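The following features are taken from TrEMBL:
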DOMAIN    A:3-83  domain 'GST N-terminal'
DOMAIN    A:85-213  domain 'GST C-terminal'
Amino acid sequence: MSGKPKLTYFNGRGRMESVRWLLAAAGVEFEEVFLETREQYLKLIQDGDLLFDQVPLVDIDGMKMVQTRAILSYIAGKHNLYGKDLKERALYIDTYVEGTMDLMQMILTLPFSLPEAKEKNLPLIIEKAKNRYFPAYEKVLKQHCQGFLVGNQLSWADVHLLEAILMVEEKDPTVLSEFPLLQGFKTRISNMPTIKKFLQPGSQRKPQPDDKYVATVMKILKEAMYYSI
Amino acid sequence: MSGKPKLHYVNGRGRMESIRWLLAAAGVEFEEQFIETKEDLEKLLSDGLLLFQQVPMVEIDGMKMVQTRAILSYIAAKYNLYGKDLKERALIDMYVEGTTDLMGIIMYLPFQPPEAKEKNLALITDKATTRYFPVYEKVLKDQGQDYLVGNHFTWADVHLLEAILMVEEYKSDILSKFPLLQAFKGRISNIPTIKKFLQPGSQRKPPPDEKYIAQVKQIFNI
């Protein structure tokens with residue numbers, strides 16, 4: 001056993017991407033096992049590796065962790081990316097991360113919705129980004145004045161926000177035009193060495209989902225995917 | 001200021017109910033301010049009290065917290081219901097995410113079209129009995145203990161009890177194949193703070209009815 005965390009997921013972003021980001025930001029090397037067939041998935045279930053029959057699955061520190069938030073919280077806590085006390089953790093980091101999760105969740109599920117829904121939903125997502133989420137984070141940066149969202153060092157909240165910004169920008173490159181502090185934030189955080197490395201070609205960062213990826217996921221899971229409104 | 005946490009939400013379960021449960025389990029008294037009209041919501045928004053323009057919002061320890069999970073994590077940690085170390089916390093997080101997913105399906109049921117009701121009920125029963133409850137039954141079996149994590153009462157136990165009772169409201173015999181969960185339910189329900197919360201007159205909210213659904217749709221423009 002290598003001691004490195006081992007990630008089991010489809011070969012694409014989905015819910016695992018935030019985990020890849022956070023491990024990369026923490027400078028933690030990790031291995032990946034890609035689910036390519038339904039048989040592989042069923043075997044994982046049979047072997048009792050998936051607590052709720054779902055991926056992501058991360059083998060880390062002797063635990064087979066599932067549930068994205070639980071995994072991310074553990075990594076953040078372990079690698080000093082979770083603030084210095086309960087207040088920083090809950091009031092700030094957990095709260096901010098829930099916001100970016102809600103935003104990224106909308107984009108995550110987009111490729112799996114019906115074509116008519118896709119057309120309707122994309123503008124709604126951009127609207128939410130510009131009117132609900134980015135103004136909130138712009139204001140936090142303005143009031144906090146430290147270059148980071150929380151405290152005076154990089155936290156999970158910063159990594160997650162950068163991931164969200166880049167994800168929305170892929171859909172609308174002008175989305176940060178009214179948010180100067182977020183623009184500065186994006187540049188600054190992107191230039192932190194571990195993150196800069198992750199943003200370079202050849203890293204374990206995954207590309208945007210394409211039709212092949214969507215088809216693979218649906219073939220493997222074969223279940224109706226319902227998502228929170 | 002009373003010093004008690006103050007919960008801002010509609011007068012019903014929704015996303016706030018898990019917070020009521022956790023505060024009650026921790027023996028913490030709390031106040032509630034109900035959003036009854038669109039204007040009530042507008043006021044919270046225009047006062048700048050809702051970070052992402054959403055409720056739940058809980059005023060606690062001088063903070064105006066939003067985002068259900070963040071609020072629950074804070075309460076759990078503050079009142080010693082979050083395990084004793086990072087690994088216990090990881091387990092609690094995993095279990096709570098499971099019960100959140102299960103209760104999430106139920107939460108949206110009343111807002112689905114009537115035609116979908118039968119199908120959704122079948123979905124809940126199926127997920128509860130094939131995905132979620134077997135997991136918790138096994139955890140209790142493997143642990144051989146009274147609680148889900150670390151042989152002490154944690155947020156995971158409170159959340160699971162809430163989920164069990166919620167599913168039972170749809171199908172009263174849902175636990176018929178899960179003897180350890182039945183015993184768990186009996187045991188946790190009898191913890192004094194929880195027993196009190198389960199009695200009439202507590203701040204526990206009833207299942208959503210037509211009036212509640214109409215009110216929510218109107219206030220939030222759904």
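Here, residue 1 is simply the first one shown, and the rest follow in order.
Here the Cβ of each residue, glycine as well, is placed from N, Cα and C on the backbone.
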For the domain 'GST C-terminal' (A:85-213), DSSP counts of helix, strand and coil? 93 helix, 0 strand, 36 coil
Treating G and I as helix alongside H, and B as strand alongside E, what does DSSP give for the domain 'GST N-terminal' (A:3-83) in helix, strand and coil? 29 helix, 16 strand, 36 coil
So what pLDDT does the domain 'GST N-terminal' (A:3-83) average out to? 97
